[in-house]
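**Student:** Pulled these features from TrEMBL for this protein:
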DOMAIN    83-242  domain 'EML-like second beta-propeller'
DOMAIN    826-912  domain 'Heterokaryon incompatibility'
REGION    1-31  region 'Disordered'
REPEAT    31-72  repeat 'WD'
REPEAT    74-115  repeat 'WD'
REPEAT    117-158  repeat 'WD'
REPEAT    159-200  repeat 'WD'
REPEAT    201-242  repeat 'WD'
REPEAT    251-283  repeat 'WD'
REPEAT    675-708  repeat 'TPR'
């Protein structure tokens, strides 16, 4: 029946209510645009496309209507992209980030318009276009602002002035001013044309993250980590109105008409604010992760934001704004409407009485005293007059002294027993005291005397309290008779009825009735319903708390708070009736519910929500309210902080770092003085690679405790991970200075690390070229410059840092880093005309020089080396001072080592076209040059390039020495075996073979044919240009023989050198194959040994063996050769005929007769016609000839033992057994040597000189000789001759 009354008074409006709820919600669309967190977002003017920037180092364009990505990502940044802006014509995008660069992109092609703009020395945190699109501005971690020409990339101005990072820059709408917001808490306004400082505003108490201009340029809006958004006059910097408060602001955007702003925060929310009232618009919009960026479409109807999960959220806010604007319009017209409403005299008196009541008892501490915007003035009736509530009861309701009120009312009743009003009022008092029986008696008495609204209300309340529900409902129904169909009184009566039901423990029924009332109103006066609903929800929450249902209680309190927040004027007259009837404390209702909500969240373990609730409460209450709850708030903060920290530690253990950050952040919000909280959060931010945030926390630790090392410990790690290496090293040194001695042992001091690096650099450069080309800059650098560049490099700083943070010293890391940094590329090529020399490029940039002739080759070589990842390059044309003899000497003697230690040798074949096939390399002039053989053999890694700088045979393998095809071609063309081509080792071994390799090579300077071989033999000799090739070659071979004792270098055919007659006049004399005598097969050797054993005394053979074995090695010095040999005196020389060559029959003691062919004219003689000059045919004795034991190789013993069935004899064991084995085989070895001496050999014909020395003659043909009687071993003439 009662429901019917309610519906009669208020016709159904459910359809309109449902429609309103739909309009209040914000339609959203979500899509993932990146693989990592979003840091920036910007709208195109079409309102359809947005560009996003991310931790994943890319930019993407999203079509938000289709929910799809447009094309491929923009790739070019080397680190996080923190800011993005779209040009006014929508054709360009500017982006910036942690790589310290700004890139301007063409939207259509997604290509860079020009190279990245690099001026800043720290992260570039913000970038924006000027209104005309002609300029760019950027703000950086390096504390500067730079203005750029957007078309050319030229720097127009560099602005210094801030004392900390510049997080935001923004041009004014007219482009004449530039605003910057900084971590130094200030906003600065500059003239954009000359960088003059116009205004400084000390704006916030924490870092300023964003600054925007109002469209008319009259105001600036700033957002800060101090959890406020503030509005400023751009003329004088005065603050305008109250700040917007609510969360820590990471991003800020303003609508094109300037009517509202949007903010984004790490608390996973977006909020809209009116720029006129600075109040929140609509409900908070939520993300599933933290939000760092937000933007508003040009028409102001769409909001876009990006979160930590790489998602973009598109939200339609048109309905939210329209609803808010409609409500604001009603509020503004209230006063006019008030003047138009008719007031009765009684209503006016009652209104004045209510106003007096409000002024006497104050307005709530946390809210405005204005009438709620949903209230109309015609709602304000004299409720207390209508209900005949006396002042005695009103006062008692406020003071809580009900005994006095009851006593006074009893006195009134005693004075007038028919005073129905006093009976009704006393019934209310007694009901307040739960004296239901007496309350019912008074109510019945009042009705009996005079039925009234208050009489039936008091009766209904008493019956509810007494458990007589049906009677109570009947009493309420009768009370409606006295409402006179006044909608306000009907509303209140229905609410009183619901509250009474609630108090009678009919909670569900009471809440259902409140809900129905809220949704079935025709007009806007839902304010009392909302308050009653909030109050009863709070009562339900309290019940949940008592039952241990903490999470449910927290949600109930939150729902209750929401209703009160929307309608903060809790002392509005209509609500005071509930204070009178039920004793509700509305003065502190909001604070009480807020406090209980905080406790509920904490008990439920929802600590982040507990902190947010606490912060919200503290922001809303005034100082008096805070003071009254100081004891509670102190205890709450301690308990909640402890819970946050405990849960954060658990999250870290579970590797849930994002949750850990949120928990530590919550703890910091409660207690921002504890360094440990910032330390923990900094570490977790490092795990998340949020280096800027980690650095902020480290700075805060330092601020809180400057004497501790902890802040600097976190700071140096954050800076290093953010690639701010110099600052990281400085922070590390500060940390060391604050460490106790017992803690320093785990680190390396900066001085020790620097010394170790410098020593490694010295060792590395000790045998390096004196100059190298820097492939990055194109400049020639000497060793000092190279070292300086390294000391300023990122690699050095990374190395220094890595060394310092770990003990002991990591020498391998030093060596590896230094080696890698100074890796160089060498050029091997054939010199062309007008090669660029040292003076041509000294103090110049190679890339800037006129690209003509051989300069193109040098420039392309440097670029090729650079593109291959190498910083240094060397070319013999321009990296050696040809006029400096000392430098030239060092360079020639070091050339082999330089190529051997190079990371890569690029071989440029200028005469091999791009179309060339297999075989072109063999025909290349490069393959005929003297220096190139050393350059190739010395190099470990080589790449062949054709004339157009493409790879030979299109072989893109990393090392052409591993190419079987190319190595086969070289082996065939050079005669060098494949093993030597790939893994050549310098030294004296195989000297004759190496000389043969060079015999077909040519050099421009004649001496270079010898100098180019120094490295191949590992020889260092003076460089004496002008000495002639004979002298140069002579000094080389002299050194080979002198150092090695190997006389195979004397095996040549041609003209003798003036340096020494045993040496050739030209390298070409080694073209002929060496004189290698075939050795006897082993079976023939054994037969020969058997025959000799019968005719040659063992003693004679052993004596000969010993004599040869004891011969000293050949000595070669000052052009004189001391040659050990077996000499055979020439006794007869007769010329047989004469043609191109002379042919001579020659006899010599101990040799079979032989024939000598030569161009030389020999003197004829015989025993019967002797001459004074003596001649010898000699067998040069090579200590490495077969037969003599080489103690450097015990395999020689095993080899010699084989023929005599001794291969199974073990020669292992002690040295004594070894010597015994050697001695026992001496006779055998002596006989075998004798057999070999009986074979043919290559002989030298020597002519004795006046001083007794000898000179080799007839060297233009091989002279083959053979011993006449091998058994005549005692007659062999073994001696050492001096040869000129």
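Each residue, glycine too, has its Cβ placed from N, Cα and C.
Locate each feature and note its surroundings.
**Tutor:** Averaged over the repeat 'WD' (31-72), the predicted model reaches a pLDDT of 87.
Taken residue by residue, the repeat 'WD' (74-115) breaks down under DSSP into 0 helix, 20 strand, 22 coil.
Only residues 6 or more beyond the boundaries of the repeat 'WD' (159-200), in the same chain, are considered here, and those with a CB under 8 A from a CB of the stretch are 122-123, 125-132, 135, 137-147, 206-213, 215-217, 220, 222, 224, 232, 234, 236-237.
Counting residues per DSSP class in helix, strand and coil order gives 0 helix, 21 strand, 21 coil for the repeat 'WD' (201-242).
Residues 24, 26, 209-216, 219, 221-223, 229, 231, 241-244, 289-296, 298-300, 303, 305, 307, 313, 315, 317, 320-321, 323-324, 328, 612, 662, 665 of the same chain lie 6 or more positions beyond the ends of the repeat 'WD' (251-283) yet place their CB under 8 Å from a CB of it.
For the repeat 'TPR' (675-708), DSSP puts the residue distribution at 27 helix, 0 strand, 7 coil.
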**Student:** Which sequence positions outside the repeat 'WD' (201-242), separated from its termini by at least 6 residues, show Cβ-Cβ distances below 8 Å to it?
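**Tutor:** Distal contacts: 164-165, 167-174, 177, 179-183, 185-189, 248-254, 256-258, 261, 263, 273, 275, 278, 615, 619, 696.
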**Student:** Which sequence-distant residues neighbour the repeat 'WD' (117-158)? Criterion: at least 6 residues beyond either end, Cβ under 8 Å.
**Tutor:** 82-89, 92, 94-98, 100-104, 164-171, 173-175, 178, 180-182, 190, 192, 194-195, 692, 722, 724
